[in-house]
């Protein structure tokens, strides 16, 4: 039985508050709910207005923004590096990496939200925080689950295609690859299964599932009728630039609910990686529990979104507050390139100094 909208919202709010208490002390010191209460009190409302308007015009905006936040956080942390269209020192950015192009979307919504916030509070709210707010609003619009977003993130000034390829997990990932990839980011096995449930909304390109699913068909791991529909949809010449897409959840594709987990035992998971959740002995109990209890899954999902939003954040004087989310501020361009050469992703100047002391 589904909860009423008021009860669902109340449960999510309580869970979000508890999650904040469970975050490591370092994270709490870095980010805080209401970070802009004084400097830009209407920041979150402005972002919500833009996202809501975009969603009213195209419901596909919501899953796009959730995925955009996820792909941002998994490469160099939640620092809006995925939004950069130009790398200060040259080279290709995350946006054009195979896991992101041409499937990643929502950039224009973030740009519109940033413009609205800049008009009200110039040089105050980071693109990274705007993206986190927009993802939260997307969860609320599609799943009626509101939660408070700790903020205070700063924007990074480096974006690398190679780092996106190294850190983003693909639709053909095995269970162990998924577990290990999330663990690298401080997220546990349950977090991985929980966040995979975001595939209950949104669409996916033919190239991400068609050929691997032929192997699944031979192994009895996908419904023959479902695969036949997918074969009819996708052209024989399907490749990375094929733009034809299909819903990832065949039952309720625009609602953030637990039907994704209910479809998996029926061999109706779109991707090989989705199917892994019911084939692996460690993952299957989580998937089964979420299929049986939507309230439980939504509580866990809210907690995991907050936890993910804390991955390797930049705060204080780190990074910058970008004026335009797609390019770094002019004065930081040369400094960004020097920083990238000196300190690879995940290594800070403090880490380098400590290593120098230890080896001297």
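Any Cβ shown, glycine's included, is placed from N, Cα and C.
Noted in TrEMBL for the protein shown:
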type	residues	note
SIGNAL	1-29	signal peptide
DOMAIN	30-329	domain 'Plant heme peroxidase family profile'
DISULFID	40-121	disulfide bond
SITE	67	site 'Transition state stabilizer'
ACT_SITE	71	active site, proton acceptor
BINDING	72, 75, 77, 79, 81, 94	Ca(2+) 1 binding site
DISULFID	73-78	disulfide bond
DISULFID	127-325	disulfide bond
BINDING	199	heme b binding site
BINDING	200, 249, 252, 257	Ca(2+) 2 binding site
DISULFID	206-234	disulfide bond
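Structure with TrEMBL features highlighted.
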{"residue": "40", "record": "disulfide bond", "Cβ contacts under 8 Å, 6 or more apart": "117, 120, 121, 124, 125"}
{"residue": "67", "record": "site 'Transition state stabilizer'", "Cβ contacts under 8 Å, 6 or more apart": "104, 105, 106, 198, 202"}
{"residue": "73", "record": "disulfide bond", "Cβ contacts under 8 Å, 6 or more apart": "185, 308, 309, 311, 312"}
{"residue": "78", "record": "disulfide bond", "Cβ contacts under 8 Å, 6 or more apart": "69, 72, 128, 131, 132, 153, 308, 309, 310, 311, 312, 313"}
{"residue": "94", "record": "Ca(2+) 1 binding site", "Cβ contacts under 8 Å, 6 or more apart": "71, 75, 81, 82, 84, 100, 159, 160, 161, 163, 164"}
{"residue": "199", "record": "heme b binding site", "Cβ contacts under 8 Å, 6 or more apart": "248, 249, 260, 270, 271, 274"}
{"residue": "200", "record": "Ca(2+) 2 binding site", "Cβ contacts under 8 Å, 6 or more apart": "248, 249, 252, 253, 255, 256, 257, 258, 259, 260"}
{"residue": "206", "record": "disulfide bond", "Cβ contacts under 8 Å, 6 or more apart": "230, 233, 234, 235, 238, 242, 244, 245, 246"}
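When the neighbouring Cβ atoms lying within 10 Å are counted for each of the recorded positions (75, 121, 234, 325), the highest count belongs to 75.
Within 8 Å of the centroid defined by the CB atoms of 72, 75, 77, 79, 81, 94, the record's Ca(2+) 1 site, lie the Cβ atoms of 71, 73, 74, 76, 78, 80, 82, 156, 159, excluding the listed residues themselves. Each of 201, 251, 253, 254, 255, 256, 258, 259, 260 belongs to the same chain as 200, 249, 252, 257, is absent from that list, and has a C-beta within 8 angstroms of the C-beta centroid marking the Ca(2+) 2 site. The number of other Cβ atoms within 10 Å of the Cβ belonging to residue 249 (Ca(2+) 2 binding site), over all protein chains shown, comes to 25.
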